[in-house]
Amino acid sequence: MQIGLFGPVDVWTLRKLAEQLRDQLQVHEQITQVELGRAPEYVTHIEIPRQRLRQYGLTLPDVARIIRTSSQDIAAGTVQTNSGEILLRVKARKQWADEFAQIEIVAASDGQIVTLGDIAEIRDGFEEIGFHSQFSQTPSIELEIYRVGNQSPIDIAAAVEETMEQFESALPPGVQWRIDSNNAEEFRRRLELVLENAVMAVVIVLVILALFLEFRLAFWVMMGMVVSFVGGIMLLPLVGVSINMISLFGFLIVLGIVVDDAVVVGENVYEMRQEKKSSLAATIQGTQEVAGPVVFSILTNIVAFVPLIFIPGETGKFWGPLPIVVIVVLCLSLIESLFILPAHLAHARSGEQHSTGIGAWLHGRQQAFSNGFTRLVDILYRPVLLLCMKYRYVTACLAFSLFLVVSAYADSAHMGLILMPTVSADEIEAGIRMPVGTTRDQAARIAEVVTQASQRMFEEHNLHEVAEGIKTNVRGQNFIDVEIVLKPPDERDMTADEVIELWRDSIGDLPGVTQVTFEAESGPGGARQDISIDLSHNDVDVLGLAAKAFVERVERFSNTRDVSDNFNKGKSQYDFRLRPEGRALGLTDEELGNQLRGAFFGSLALRLLRGTNEIEVRVKLPENEREDVHHLEDLVVRTPGGAEVPLLDVADVEKTEAFSSINRRDGRRVVNVSMDVDSKRAIVQVISALQNEVLPELRENYPGLTWSFEGSDAEMREATASLWGSFTLAIAVVYALLAIAFRGYIQPLIVLIAIPFGIVGAIAGHIMLGYDLSLVSLMGVIALSGVVINDSLIMIDYANRQRKTLSAFDAISQAGIRRFRPIMLTTATTFGGLIPLIFEKSLQAQYIIPMAISLGFGILFSTAIILVLVPCLYLILEDIQQMKDAVTRKA
């Protein structure tokens, strides 16, 4: 959790208030760790003019040494007395500027003692950074509150609210506090989202079950789902999964799937009851008849989710809990549907036993719907099925043509593949890079210009309805980040991208700035640009030229923006080398370096603790004597013998360039170039253009140049490759399971044919709802592969059992008609369970919706195909077998 304090007071006052708040928060029993963020560090500055140093024959390191030896508490041992042991201690510790001012430095020629306060300006302040963090153009400091161990984020949030109610009254006029980020609030919203969607899904599924089955039977089927969920929650700690956003979403995803096996068992028991059998007999026969297919269908579901456990990288860590939750719940649902559910159904009364009252009325309505549905099957499905089976080769060709058309569309430029779904951001950030060597004052002026331009944009476009404020921070001397904190998506009518476009126009071109990039903070991992490339070369100068040429080339692309690189040539540098004349005077390289460092950076006298804060005491020249390079010419160096000589008389100076940073990856010196793409669907096309055109041309101009794709694109490729590899293995395992179930190797191929048409449905769902395909969509497709085969598995199993007395045509047609109800029922419950999540508008759900779309629409579409295509393929296989037998007989 993060709290921000801001207001029209000086930074010293604000920091003191933040420290008081930190201490007050840590007193609360629910809060363990609180740290200050973006708070300037305390420094006691001691500035001594050169003239004073020369007057008394001192150097800055000399003064720093005197301060250090005069500001310590020294334990001097103990003395034994008759009354006991007495400790001895020299107390000379100093903390504040007025205390340091009393330190005696030298004796003047007249014998008068000269103190530090006589020759130096001493002040308690902060590090010299030129610009402090701001929120809405007033100083700001943030406090980070961390959860430790098993602490609950909700309890921490409540403790913070309680503390702030007490602390608020002590704040000076104008000083305010705000919650910058609140994990507890996010957790609460996620929990509410899951509960709301779960309730809606349960109601939808219960209504569907009640329409197709008797109400009592529907109730027990629904209770089976509840038992599986409760058991799953209890078992999560044993499998190393906590209750978090992804594990909660796992329950939403499995909500519709988990009732499938119970529906199959319950529907078969219902059919047996329709034949006027007793509850016990109907339950035993109905359960035994479908037990085998149910076991294999659950196993295939589990196998399909296993690949999601092995996604590599940060993406895998983020999504890892979801498949584990699904697998645990599916295992429990198998036990529940084959053992617990039948026990309840065996003792449940038939709906016909309700002679009067609401029960009889509900039973009558359900029977009316059931009879109407049966007539619908006879009127619509039976003729269509028989027609398709008659023209089975035409039907199969049309189905496969549809698959090819949709696959080609998905592979075209009309649909792209991105790592994560596009989600509206909570914060947007402008990163402003200035040339290395920019002074603190220059950086502060640019920060003010950007902040004022952002504030004007707020006023002109009334963005107070969209955003909460502006945060500004200078990082180092050559980088500024300015953040606009947006309100939640459901409280604003503008997207983050729309605000960025306004912001880009408002800031415009900034003199003295080398790069301006805009990023939106959202999703796992925070802000990441769409494409990131590492360029590498042994010669750093060639590498810099290549990076510059590459950036200029990519900026000419019509659909790229915010192209940036991290190459910094570095600051100008003066290299000093001690002359023989200097060595003859007793100077050493170390002594020369210490005097130079003391003059321009400052000599560290000591570090001390003031309260809980570490303070530096630094001795240096006044700023007006070290702000310009010409002061080097006037610098005088003191020799060990006490003589003063000009710096340039004892040292040679050479002007060079120093790299501000050298970036390496796997031991290679690299420059990273990153960019965003306007249309996420164009990412693949841009990468293709870079690989096939731009980068090869660049290598021709700069021989020896190598490159590699990094960032989100590389992670997507790695994760996608891993997914497809695991998916192939999972399909092989599913095929093996089906081969065991059917005692053959050909019929499992008919069952597996449902998978590509499930993929067609998933793609169609993304097209209809306007979503891009993402890695999350692919995860849904892979999970779908285990779910869509359930219906075709049960249909073919039924047909095989009917072949003992019927022809292949009659057996498969009867299987289609007989299994139409349970197939439609499982499809309706699965899709119905996912409907609330698919159409959820909250920010919390946007990451998981593509998976729900893949599952929901994949199942919906594959069902329509399975009901006609599987019988056709069954007959085609029979035709092939007959032809083979005929050839064998002739031979």
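Positions of Cβ are set from backbone N, Cα and C atoms, glycine also.
Automatic prediction, not curation, is the source of TrEMBL annotations.
Per TrEMBL, these features apply:
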- 193-212: transmembrane segment (TRANSMEM)
- 219-239: transmembrane segment (TRANSMEM)
- 245-270: transmembrane segment (TRANSMEM)
- 290-312: transmembrane segment (TRANSMEM)
- 318-341: transmembrane segment (TRANSMEM)
- 391-410: transmembrane segment (TRANSMEM)
- 723-742: transmembrane segment (TRANSMEM)
- 749-769: transmembrane segment (TRANSMEM)
- 775-799: transmembrane segment (TRANSMEM)
- 820-839: transmembrane segment (TRANSMEM)
- 851-877: transmembrane segment (TRANSMEM)
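The list of residues near the transmembrane segment (775-799) in space but at least 6 beyond its ends in sequence, with Cβ under 8 angstroms from a Cβ of it, reads 253, 257, 260, 264, 290, 292-293, 296-297, 300-305, 307-308, 311, 315, 319, 323, 326, 417-421, 716, 719-720, 723, 726-727, 730-731, 734, 738, 741-742, 747, 750-755, 757-759, 762, 766, 808, 811-812, 814-816, 818-819, 822-823, 826-827, 830, 847-848, 850-855, 858-859, 862-863, 866, 870-871, 874. A contact links the transmembrane segment (290-312) to the transmembrane segment (723-742), because at least 3 Cβ pairs that are 6 or more residues apart lie under 8 A.
Of the two recorded stretches, the transmembrane segment (749-769) lies close to the transmembrane segment (851-877), with three or more CB pairs under 8 Å once pairs fewer than 6 apart in sequence are set aside. Ranked by number of Cβ pairs under 8 Å to the transmembrane segment (219-239), the listed stretches 193-212, 245-270, 318-341, 391-410, 851-877 are led by 318-341. Contacts between the transmembrane segment (820-839) and the transmembrane segment (193-212): present, as 3 or more C-beta pairs lie under 8 angstroms, all at sequence separation of six or more. For the transmembrane segment (851-877), same-chain residues at least 6 beyond its ends with a Cβ under 8 Å from one of its own Cβ atoms are 252-253, 256-257, 381, 384-385, 388-389, 392-393, 395-396, 399, 746-747, 750-751, 753-755, 757-762, 764-766, 768-769, 771, 776-781, 783-784, 787-788, 791-792, 795-796, 799, 808-809, 812-813, 815-816, 820, 823-824, 827, 830-831, 834-835, 837-838.
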